[in-house]
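**Q** Sharing a structure below in structure tokens format, with a few things to ask.
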Amino acid sequence: MSDPADYTIAWICAITTEYVSAQAFLDEKHAGPEFVSYNDNTNYTLGKLGKHNVVIGVMPDGEYGLSAATGVVTDIVHSFPNIRVGLMVGIGGGAPSEKHDIRLGDVVVSAPRDGNGGVFQYDFGKTIQGQKFQTTKFLDQPPALLRSAIADLKAEYEGEGHCLEDAIDVILEKKRPQFRQKYGRPDPSSDRLYRSDVVHPFGKEVSCQAVCGDDLSKLITRPDRADDDNEIVIHYGLIASANQLMKDAVIRDRLATERNVLCFEMEAAGLNRFPCLVIRGICDYADSHKNKEWQGYAAMAAAAYAKDLVCRIHPRRIESGKRIKELVSELKIPISRIEASVETILSKSSKEEDRDILDWLTRFQTWIGTKGQTLFCKGIPGAGKTIIAATVIKKLMNEFQNNHEIGIAYIFLVSGGTRSKSRKTFFGQLSSLPSLPEPVRALYKNHKEENTRPLVNDLIKAVQGVAALYSRVFIVFDALDECRSLDGCREQLFAHLFVIQSKVQANVFTTSRPIQDIEAKFQNSLSLEIHATDEDIQRYLTSQIYKLPSFVTHNSDLQNKIKIRITQAVDGMFLLAPLHIGTLAREPTVGHLETALDNLSSGIDETYHQTMIRIEEQGGGLRDLAIKVLSWVFHARRQLNTAELQHALAVQPGTSELDERYIPDLEIIGSICAGMITTDTQSDVIRLVHYTTQEYFERTHTRWFPDATAMIAETCVTYLSYDRFEMASSGIKLLDHLSDVMKDNILSEAKTSSFYQYAACNWGHHTREASDLCPGVIDFLQHEFNATASARALMASSPQYSATTPEWTGLHLAAFFGIEKALEIMLREGVEVNSQDQYHRTPLFWAAGAGYEAAVKVLLEQGAEVNTEDYYYQTPLSWAAEGGYESVVRLLLDNGAKIDAKDSDSQTPLFEAVTGGHEAVVRLLLDRGADINAQDGEGWTPFLEAAWGGHKAVVNLLLDRGVEVNLPGIQRWAPIVEAARGGHEAAVKLLLDRGAQVDAENFGGRTAMSEAARGGHEAVMKMLRDKGAKLNNAERPALSEAAKGGHEGAVKLLLDWGADIDAAYSSKNQEATKVLFGRGTDIKAVGISGLSAVLHAAIGGHEAVIKMLFEHGGPEWCVTQLVHWTGAGFTDHEARMRFKAAAKGGIEAAAKLLIDQAWNSGVEISTNVLQVLQAAANGGIGELSKKLVDITARMRKSENMYFSHP
């Protein structure tokens, strides 16, 4: 059997015909894989092409389309961990046109254009009133090594031809007759291209020759190809994909004309996060005249090209590339959890409400009907704000579920384990809600490759990009008050939320507790106070009477007394009603119940207190279990699902196996906690019933759960030490030479154990927080196999996870979690303090990098080497500085850490501190003598890093310490340019105030103004303008940069300031051009360069802009401009050279368009221009030359066309 780890190229097929063709071209065929990942449903053939090991995967029989393709990709990535190149090879429908002479049996290769991949999903996009449907989804570009191989092969084919037909013939000669008949080249006469208006009769399965015939009036006649030409022609361009079979010649021709589509198919768009190349052999013309006769040969042609391409790539280039598993690693986006929470909330509201609560919200109707409107809803805790928000979402989704022009985003800021989310994480959630739109994928891809986190402004732009895909956007934001004000999160949130709203005219619905500064932000918005009415409360109580003792259900007077008293007690706080019902449900007699009614509390804290007293009054076993449940739910570092909590509760101290007899029933768990917890039925998560419950326990947990952290720590360690996990971990250690997949399979025991992942990731945190070291910790850390398995699970939870088994000792684990007591004991027992993992990191790295001062001190006292270097030449001081841990940095320096130690990028610890904006650490390092002007390998300095990151306080500190504001000795970089690039207003203002040169240039001629314009940072642009910044920098005109980025607001600003129009027209951005037209700009005016708009568009090859110019300026003027540019005063040789240079810049399509427009409009063309065009044709510049010859001939034959000099 074959090891899946040995295979680096994935070849994906959709149907059996493609699969057979792919296998036929293998140089060697290998045995099947030793193992595949769990739930892998794909069939594989393994083999060798040239020097490469290839895995060929085929979709399950009868399954086609995007989802099937996605399934195959998922299986391959999981089962073959070292795949680095992906190919989708098979058949497709051609889109022949006047420009592209595509025949049956030809091959189309997806070729990226304009930064997009070579495949787009033509049934995914947006429809805007008065405009055409706009496709918006492109695949990722294939890896660079594939693109390079394509270029190399293309050059060889054009110069020397190819041998694909010969390669196919060699294979066919070895096969049986039936194979040759199905996969050989059919008779050329069967290659018929019918006119678009000729449709094959529906339901007629007989051949087109019999039904549609060979009538020349129905066919498009095409000349025979020359005898010396290859039968198979390779075409490079755009492939259109969808979840449906293209059988419409009219749509085919439209997309071929408008988008330059060469081929149609129905699987590749399913690979939207799998960077691969798509190769299609043409078996029909994507019309109603399907031609299965050509499928076999088309599949063989595509496979032959694919093999030729693969053999072109050197194995070393493949090995040096990134694994696709890394490129398509899952985004950590809790969409399903959010959606599940909404569904849970809605299910509750539907039980609690018998009417549509929005019918009476007239202000809601005003909000939903007015674009750009805000509705702010405030209410006391427990009044039902979250239910209202969830109902609004349900209303929006029901109303717009079939309208793909409407975007709906919703955020619930919840208490507990997630209440400390930073604004960056929050906006990351917001931007990820509408599945995976292109702006989000691009943002993730860029920062994933660089292993960086996006700036807030990057996230905001991504959100705006997502919102711009829709004609209307609704944002529902529950519990704004959960976003804290102390760290500036709330102010940042409001600022960015209002920016998004103004940019896309979004409708915003928000809820919050009554907090003055929040209410002030919405004082000019529609507002509504949410308060549970007495009728609402009593309606709910009526539905809950059945939960009370039978003596209540048969006594209507008592029922009314209960409803009146509870309604008075809750005072509009809906949350308290079920807690009071729970209190009464346990009373044994009418007398006890009426006494309890009289003693009902009216405040939240008092109600919670009474509930906890009631829990403690339960029997011993029930009481202990309830306290244990609440301890786990409150102290857990993330929310636990039901199975995790059940396993945690079942663990008995001192045991070596889980005794399932101790697993409590979920119904028991719910009942003994007296309404203090709730289970989200969709997400299966158990949590506290309300954020006020969380706040109550934050104030009182030491009273109710005094020993919780120790209990939780002991439970985790006991669970991780179970014998079943020791067997799994020993298997990994002993078989460490096997592939990642084998290791994962061996660990399946741990993975399928509900509580294992939580325990492995969090046992150390709970142990550190406990007052005493819990039993079993030292034994666990000194047990090699269990520690290894725990470390592997811990690493697997990291975004930078590598499947390599971590070479950690127990001391590494203790240092990672900062458990100083464990470190002291282990070091006293003789454990090596400087033991290294596979990246040469000692325990000191992990303790310093997490900021555990006490643990660092223990390690240093026991002889830890303070200046040890890891694989990247970083030191513990670098890690501590990066984290901003001032006390740890001071401790390391006091113990001799080298302050200017350089890593593999020649960056010192000061760089790390500056990057994180850690002002206190920066100050400490400078006080201790750190080199303030240190340069890394790129000439980058700490000051540049601070400016680029927008860390105003750090920038100010560095300036105060003597850094030159303009860095005169650094020629490649200017701090103010870097600050402007990030849109950091405060940093830019500070730099200007401290004397930064407003027009300083970076490497490449970038200025602060051009960078601010490129990012659309209008506030920064205004600040720079006020300081006299130039607009028309020779290399990077601000207007050009703004236009390229599509920032209409920035374009308008620059035009108001008098920016040169040359710059705008040199960009291909159509929106910027529309802005110019809308302002009445004279497109016939010339800029500083002496060129008009149409010449800029022609030189740039921007067809869409040229079309707009023709519409606004008229064809005569546009062609006259082209005449002036192309011919006047030039010899044939000069003109030819100029045309060749223009052609390299992409002028062919634009020049062709201009000439077509001239011919169709009957415009006068000078003889000089015709001579130039003929000279260009003689010079041989591809399709443009051929077209020019044809146009020239047509013009000279026309009696209505005459020539004159302009």
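Every residue gets a Cβ built from N, Cα and C, even glycine.
TrEMBL annotations: computationally assigned, not manually curated.
Pulled from TrEMBL, these are the listed features:
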type	residues	note
DOMAIN	363-513	domain 'Nephrocystin 3-like N-terminal'
DOMAIN	620-697	domain 'GPI inositol-deacylase winged helix'
REPEAT	806-838	repeat 'ANK'
REPEAT	839-871	repeat 'ANK'
REPEAT	872-904	repeat 'ANK'
REPEAT	905-937	repeat 'ANK'
REPEAT	938-970	repeat 'ANK'
REPEAT	971-1003	repeat 'ANK'
REPEAT	1004-1036	repeat 'ANK'
REPEAT	1034-1066	repeat 'ANK'
**Q** Same chain only, please: residues at least 6 beyond the ends of the repeat 'ANK' (905-937) with a C-beta under 8 Å from a C-beta of the stretch. Say none if there are none.
**A** 875, 877-886, 889-890, 893, 899, 943, 945-946, 949, 951, 953-954, 957-958, 961-963, 970
**Q** What else in the chain is close to the repeat 'ANK' (971-1003), if you only count residues 6 or more beyond its ends and a Cβ gap under 8 Å?
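**A** Here the qualifying positions are 455, 457, 938-941, 943-944, 946-952, 955-956, 959, 965, 1009, 1011-1012, 1014-1015, 1017, 1019-1020, 1023-1024, 1027-1030, 1033, 1035.
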**Q** As a test of reading the model: what is the averaged pLDDT for the repeat 'ANK' (1004-1036)?
**A** 87
**Q** Going along the chain, which residues at least six beyond the ends of the repeat 'ANK' (806-838) come within the CB cut-off of under 8 Å?
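**A** Here the qualifying positions are 763-765, 767-768, 773, 777-778, 780-784, 787-788, 790-792, 794-795, 844-847, 850, 852, 854-855, 857-859, 862-865, 868.
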**Q** Could you pull out which residues elsewhere in the chain have a CB under 8 Å from any CB of the repeat 'ANK' (1004-1036), counting only those six or more residues past its ends?
**A** 457, 461, 974, 976-977, 979-985, 988-989, 992, 998, 1042, 1044-1045, 1047, 1049-1050, 1053-1054, 1057-1060, 1063, 1088
**Q** Please list, for the repeat 'ANK' (872-904), how many residues fall into helix, strand and coil according to DSSP.
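**A** Each residue of the repeat 'ANK' (872-904) counted once, the result is 17 helix, 0 strand, 16 coil.
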**Q** Using DSSP, what is the helix/strand/coil residue split across the repeat 'ANK' (971-1003)?
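**A** Summed by class, the stretch gives 16 helix, 1 strand, 16 coil.
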